[in-house]
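These come from Swiss-Prot:
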ACT_SITE  321  active site, cysteine persulfide intermediate
BINDING   70, 149, 234  pyridoxal 5'-phosphate binding site
BINDING   321  [2Fe-2S] cluster binding site
């Protein structure tokens, strides 16, 4: 098997699993309890919090643990907007954001907020001048990904931060970028930053929102007031410990790993683009080291994915969170592609356990798959 769907799901690193196990069977206390078991659990959560903050140079803020990146994005968008509505109700969101940002923004529109979507160019880069032009006295929030999870394009977040100059809060969804490129909240000027555990080989079902001390949010989940009152519900201690360990490993190893993945990525791109009428989606240079997003004329991405799976190669057509809808990717549509072009897309994402042999297998199988599918397409003519 050759797995090229690391953006959808990653395995838990064995070192992470080892760190988690004692908190499932031995140190199983509730962090809110006042006895020794609770103290040990509380101490473990705090240690993990510090490790996650350190990964993004987040000493100037706090980490709030959530059930994942989706909840963290909801907390950032809805929580910040609701808390700061008296300052204004104008929000800017990029057109290529994950649906866990776009749908909360749509929810806010129904609550009386005005949301404008920042357009992107053909490579998926946001138009910074649009942000500059649209900034108003009542603009309270701008939300932009650090890098796109589908096409891999890295956004000019530092430039955006300079344009904002503190006039509005900046939320950055760094789900796709942490562990792939440098993520430093001070350098990029983030007021809030979303991080996913599984995207750095930690357990699923846990994520975090880093929040600068000056940023004030309203909780979106109410209950016992855990996580400094911003996220109620007993903390998932084993998963949080695993998240912390994954952050610790990532901080030490990401640069070397990114360079290895970049080499594999470039090898795939160079060879796949030799196939007739194949095109790279996303920026040719400013892209994540693990991302290959290509489209093929005259065939559908779903057919390519199924054919590759039959050959023992796993890939995808886009975001796993919305790929079941069979709708064309809103990211690719925002980049100006036609419906049929967006439907012909194959997404290959590399990860920690990919090898040169995996790439060999992919490059051996893929050209034949494309040729076979095109031979059955009524649109294809040699």
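Cβ coordinates come from backbone N, Cα and C, glycine included.
Annotated features taken from Swiss-Prot, shown on the structure.
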residue	record	DSSP (3 states)
70	pyridoxal 5'-phosphate binding site	helix
149	pyridoxal 5'-phosphate binding site	coil
234	pyridoxal 5'-phosphate binding site	coil
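In this structure, the binding-site residues under consideration are 70, 149, 234, and the one with the smallest number of other Cβ atoms within 10 Å of its Cβ is 234. Across the residues annotated as binding pyridoxal 5'-phosphate (70, 149, 234), the two Cα atoms farthest apart lie 30 Å from each other.
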